[in-house]
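J.: Per TrEMBL, coiled coil is recorded for B:112-139. Residues or ranges marked as compositional bias 'Basic residues' in TrEMBL: B:34-47. Feature annotation from TrEMBL assigns domain 'TMC' to B:478-588. The region 'Disordered' annotation in TrEMBL covers B:34-56. The transmembrane segment annotation in TrEMBL covers B:160-182, B:256-274, B:349-371, B:401-424, B:436-456, B:487-505, B:592-611, B:657-679.
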Amino acid sequence: MIKTFETPPPFASQWFDPLPPPALSSGTSCRLHGRFHELAPHLVPMDYTNEPDIRLPLTLIVTMPELKENPFRNRIVEVFSEDGQGNLSFNDFVDMFSALCETAPRELKAIYAFKIYDFNGDNFLCKEDLEKTLNRLTKGELTPEEVRLVCSKAIEEADLDGDSKLSFSDFENMISKAPDFLSTFHIRI
Amino acid sequence: MELDSVFYTDRSGIPSNLLLDQLPSYQSLLYRRKPAASGSTKRRSSSRTRSGSSNSVKFGQTTLVRQYEEKQRSPTLRRPIRELAKPMAEKRSDKLERLEQAKDLSGWSQWRQSTRRTLRRLREESAELLSNLQLWRGDIHVIEGMFGTGILSYFSFLRFLVLLNFVMFLLMFSFVILPIVVAPHASGNATYNYANGDWVVCSNYPSTTRRGLVLFQQHITDLLSGEGFLEQTYLFYGYYKVQAINFSQFTYNLPLAYLLVTIAYLFLSLIWIVKRSASGFKRNLVQDEDRFQSFCNKIFAGWDFCIVDENTARLKRSSLHYELKTDLEEERIKQKIAHRTQKEKCRIYMLRLILNGFVIAVLAACFYAIYVATNFSQSAQMTKVLDTTLDCGEQLWENQYLPSIVITLANFVTPLMFSFIIQYEDYSPAFEIRFTLMRCVFMRLASICVLLVSLWGQITSCKESPCVCGYNHVLYPCWESRVGQEMYKLMIFDFIIIGAVTVFVEFPRKLIVNYCDCGLARWWGQQEFAIPNNVLEIVYGQTICWIGTFYCPLLPAICTIKYFIIFYIKKVSLVNNCRPATRPFRASSSNFFFLAVLLIGLALACIPVLLSVAQIQCSKACGPFVNYTTSWEVLPRAVDKLPAGARSFLLAISSEAFAVSFFVITFLAMFYVIALAGAHKRVIDQLREQLAMVSLHNLPGFTPL
């Protein structure tokens, strides 16, 4: 059993057998464990063979430099946490970065993007969700009138079935045509 | 909480969401799917998701889901587990399940599965390895992190051009220069060509190497202008006098190789650019076809998740804010345009007519100036041989580089004028940007054409018309080398200007703005990296390279080195002097824009090259085509020497009958594709209406008529 951090273990097979390697390479997984450990050195053990159930709270995760400047950092962590409150176990941590890495497929990213932008969790992106998204993006620099206008135009563009809110199919259809999505929706770690 | 049934998509017939599955785009997506980095292709599977992440409700297993899972038992319809949107614990249980299923399979299926998995992993690892080998990968990551994806696209475009030029150089070198160099070592002897018969009078080529005591400055002048000692090197067309190289097994026909390599590099550039722009073009087509989705794209795909720096985040936020404000402004202007009265329309159109006429007049004036400068420069170069009182500096800058100076001045002044004029033409902001760019592109590329046309006029004008040799053999014994020299000078001057502007304008500007709090600093402001102008600069350089490679075979190598150095100059200038543009240039549309402009440059470059290959008589005093009337003649003569079968085949392909039937078939294919696209569009519209009707039906209280 590899206890120290110097020799990178054959990560997936060692600790999470028979889990297939995630979209990240084994080197990256090892690095991820290092980052997870860094966040709370006294809580996170170096040895995961006994699969301890350590969960880090949201407030700790969002201090990571990759997430610090992201306006949606709270939502991202909440979406990937099992309890929905933002407490990530290491599994969830790896899951999160795996889904957000460059090589993750578009469909996967679309699903998680939908969940991230769905603030009230009703499986629809309604006007309030959009307004919250926009306010997080511009940090309140737009006037309320402009925010309303932009949101109504966005719904007008993407809504296919005319119910003035975006279901997942509307969202996926729209995001498949959004040219910037793949290049912006990834976190490099 | 009910699961949204559109999460289930499969091909095994469960009615998930029939309407969306029928969409043509969806079908073609299924058929042609390219998964990111993984090898699994045409399989769709379930992607369950959590219903509601704000509470810890475990989703219920409906009968639908259970039925669906049973269908998924077959091992062929499977995606890799990592691509499923499930929490880690579920993925592990899935994997255990799959392993158990795998044990039930026969040995053959197991082997097939494991091979597929190994191949996929191999493919991913090789893709990762290849991407690590990319040139400047680290530098470009740094730039992306600091300035975003718009400026990144400029630098990856620059990298693409470096590669393209390097490949062109390899082509030229390995098929034209290498055989000549290798011939003595590989026991091949080269036969040289001499003009014979009627052409002897044209074949007098006075040597241009300087004799006697040569001053040091002369060497520098020669290096910068391509004359003197450089003219008699492999750099220029005139030095390739080899007719054929006789190796032991075969004879290498050098003129044929020269011509075919020219056609090959133009064709290769075309294919490479089209391939690179294909994805961007499809996206643009789709965007124009559908309602333009600017707002959605900005809200959902606007934030760059890679940003880690606080300053960059602030800038990104302000640029998003600016973009949204611009879009709202566009909407407002669209409304205004829609409500214009007739009188206002007339006034606007009259104003636009006058201003466009003014723009055309300015362009004509610039072109005339270039024409005059070229003629003056050429005649000055003719007389300089006699006049030794002119010193090097004057010679160089006034005579040799005069056309380049005029072109650069024109290209500097006209964009300022255009951006000033367009404010009065009252277009929407997006159209303003595009139109100004188009005018600048036209100006840049047309100035090269004017230079070439005036050169051609000089070359083909003799005292007694028509010219005896087809060109003015007295003044231009080797006119191709002369054209090559002009292109060489343009390229060198372009490089000097880019370096000089960076060193003498951008750095002082930064110093002034940072350390001096005067009115000038406040008015001038910090340097912004203007992407369109920079792109036009390098497209201009690339067009010169394409035109000049036929006359100056080593020009691609010089171009490669030039762009290589320019990358570092621009990077240093960007990092030290510039702040990100307030008008952000979107990466997706900009890629397509860059390649479209490059394609225009290529089309423009093909015209002079193909014209001179096919129409203008090649010079009889130098070069590989001495014994042919035009350069194109090499091909028919080579075809005549082929065996009868190959000859008749090639003649059949180039006959009219074949060409006509080829065109007819191409037209039929085009009509079919257009009809298909029209049919798809109709289906899409119908399906949209159906969707709206379906949702109306579902509203409570809806009573159908």
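Cβ atoms here come from the backbone N, Cα and C positions, even for glycine.
So that I understand the layout, could you describe where these features sit and how close they are to other parts?
T.: Outside the transmembrane segment (B:401-424) by six or more residues, the chain places 225, 351, 355, 358-359, 362-363, 366, 369-370, 373-374, 376-377, 380, 432, 435-436, 439-440, 443-444, 447-448, 451, 486, 489-490, 493-494, 497, 533, 540 with a CB less than 8 A from a CB of the stretch.
Proximity of distant same-chain residues to the transmembrane segment (B:436-456), defined by a Cβ-Cβ separation under 8 Å and at least 6 residues beyond the stretch ends, is recorded for 359, 363, 366-367, 370-371, 374-375, 378, 403, 407, 410-411, 414-415, 418-419, 422, 482-483, 486, 490, 532-533, 536, 539-540, 543-544, 547, 593, 597, 600-601, 604, 607-608, 616.
Same-chain residues lying 6 or more positions outside the transmembrane segment (B:487-505) and placing a CB less than 8 Å from one of its CB atoms are 224-226, 235, 400-401, 403-405, 407-408, 448, 451, 537, 540-541, 544-545, 547-548, 551-552, 555, 558-559, 562, 565-566, 569-570, 573.
For the transmembrane segment (B:592-611), same-chain residues at least 6 beyond its ends with a Cβ under 8 Å from one of its own Cβ atoms are 153-154, 157, 262, 266, 269-270, 273-274, 276-277, 280-281, 283-284, 437, 441, 445, 448-449, 452, 535-536, 539-540, 542-543, 546-547, 550.
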J.: Apart from its near flanks, which chain residues at least 6 from the ends of the transmembrane segment (B:160-182) lie with a Cβ under 8 angstroms of it?
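T.: Same-chain residues near the transmembrane segment (B:160-182) but 6 or more away: 135, 188, 190, 234, 240, 242, 245, 252, 254, 257-258, 260-261, 264-265, 268-269, 272, 276, 538, 542, 545, 549, 553-554, 556-557, 559-560, 563-564, 567.
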J.: Counting only residues 6+ away from its ends, which parts of the chain sit with a Cβ under 8 Å from the transmembrane segment (B:349-371)?
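T.: For the transmembrane segment (B:349-371), the sequence-distant neighbours (Cβ-Cβ under 8 Å, at least 6 residues beyond its ends) are 403, 406-407, 410, 414, 417-418, 421, 424-426, 439, 442-443, 446-447, 450-451, 453-454.
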